[in-house]
Amino acid sequence: MAYRFLSSRIVPSSNRLNRRFIFIFTISLSFMYLCYSILFCSGTIMPNQRLEEHRCVHLKNMGSKKLLQKSHYCTISAKARVISDETRAVTLLNLTGNQSKHSAFQKTQDVVDHKQSNNSNSPKYGNKKLPNALIVGVKKGGTRAVLEFIRIHPDVRALGTEPHFFDRNYDKGLDWYRGLMPRTLDSQITMEKTPSYFVTREAPRRISSMSRETKLIAVVRNPVTRAISDYTQTLSKKPDIPSFEELAFKNRSQGIVDTSWNAIRIGMYILHLENWLQYFRLSQIHFVSGERLITDPAGELGRVQDFLGLKRIITDKHFYFNRTKGFPCLKKPESSSQPRCLGKSKGRTHVQIDQEVIEQLREFYRPFNVKFYEMVGHDFRWD
């Protein structure tokens, strides 16, 4: 009887111990699996994801659209990747109950903010800086061509639009101006172009107050041709304006030119240059010939690259002459199916001006041109 009694008590006790051992063992395995999953997500998936991001950037830089399309990660929108990262971060936080809520939220926000900044439309590197160099003029001289040509250099980042900061928007402050600039690395040059700076009285002083070491580029052109081009552009927008002759002269019979007309005043380069030289050394100003920019774009861009301290990467191989437009265009980039020419407004046919009027204006500009040649040490042969 005693043996049966003890056996009836011992067996159930042994079963309970076995069940308890199995339960504890199961919990331990689950906990180990959970820890392994956390370590795997944070240590393996995320680095691989970063590698995929770098691979996407590399493929984009190469212009390889086919490879980008084959990559599943590259086809996911930036916003979707941010949401996915945010969800993953929240999941990880739920698994780490030993952190305070404030600390956990802050780490989650850091992950999301980092991804949002990396996946924005702006470049994923560098900082916004005030310009190292400015194309300051002149209007209808070829400033747009110089900007478009020089910005294909890998060490140049340029603002595409004209900010007009030093002539129209100066009251908005340097922080506003800096915010317009593209992001650049320390080794890259930040540029912008606004042709009206060259004839704005306050511009040299204002630019000098930003930085006395700013490099300045002025694209100059035969002042008579430039004035006609200026008038042609205005006429396309305002067809009812007076004739070129009426605007250019106060008294044509006596040959008195109206220097208050902006189209005439801009071409008096020496007067504007004297204002700039009150604030900048002549060596800080590089003059591009608008005429040679058409006949020898690679040569002019080579000198611009030298002036900016850049390696001569832009050469003859980048250009071809477009006979329809009458000026050079950039050859087709590897990532595009079309060559890059300037807009329809560039290369428009000038209005016909009486040859006698042209000769009168040449006589007017001649003394200004001679002084300008002497000042810059170069004869542009406009006479």
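Every residue, even glycine, has its Cβ placed from backbone N, Cα and C.
Predicted automatically and left uncurated, TrEMBL annotations should be read as such.
Feature annotation from TrEMBL assigns transmembrane segment to 21-40. According to TrEMBL, the feature domain 'Sulfotransferase' maps to 132-366. Taken from TrEMBL, the feature 3'-phosphoadenylyl sulfate binding site covers K140, G141, G142, T143, R144, R221, S229, K346, G347, R348, T349, H350. The active site, for sulfotransferase activity annotation in TrEMBL covers K140. Residues annotated as disulfide bond in TrEMBL: C329-C341.
Counting neighbouring Cβ atoms within 10 Å of each of the binding-site residues (S229, T349), the lowest count belongs to T349.
Close to G142 (3'-phosphoadenylyl sulfate binding site) in the fold, though at least 6 residues off in sequence, lie V219, R221, V288, G290, L293, I294, each with a CB less than 8 Å from its CB.
Between the CA atoms of T349 (3'-phosphoadenylyl sulfate binding site) and C341 (disulfide bond) there is a gap of 16 Å. K140 (3'-phosphoadenylyl sulfate binding site) counts 24 other C-beta atoms within 10 Å of its own C-beta, drawing on all protein chains shown. Rounded to a whole number, the C-alpha distance linking C341 (disulfide bond) with K140 (3'-phosphoadenylyl sulfate binding site) is 16 angstrom. For the disulfide-bonded residues C329, C341, counting C-beta atoms within 10 A of each C-beta gives the highest total at C329. C329 (disulfide bond) has R144 as its nearest neighbour among the binding-site residues K140, R144, S229, going by CA to CA distance. If you average pLDDT over the domain 'Sulfotransferase' (132-366) in this model, you get 93. Other C-beta atoms found within 10 angstroms of the C-beta of R144 (3'-phosphoadenylyl sulfate binding site) number 19, with every protein chain shown included.
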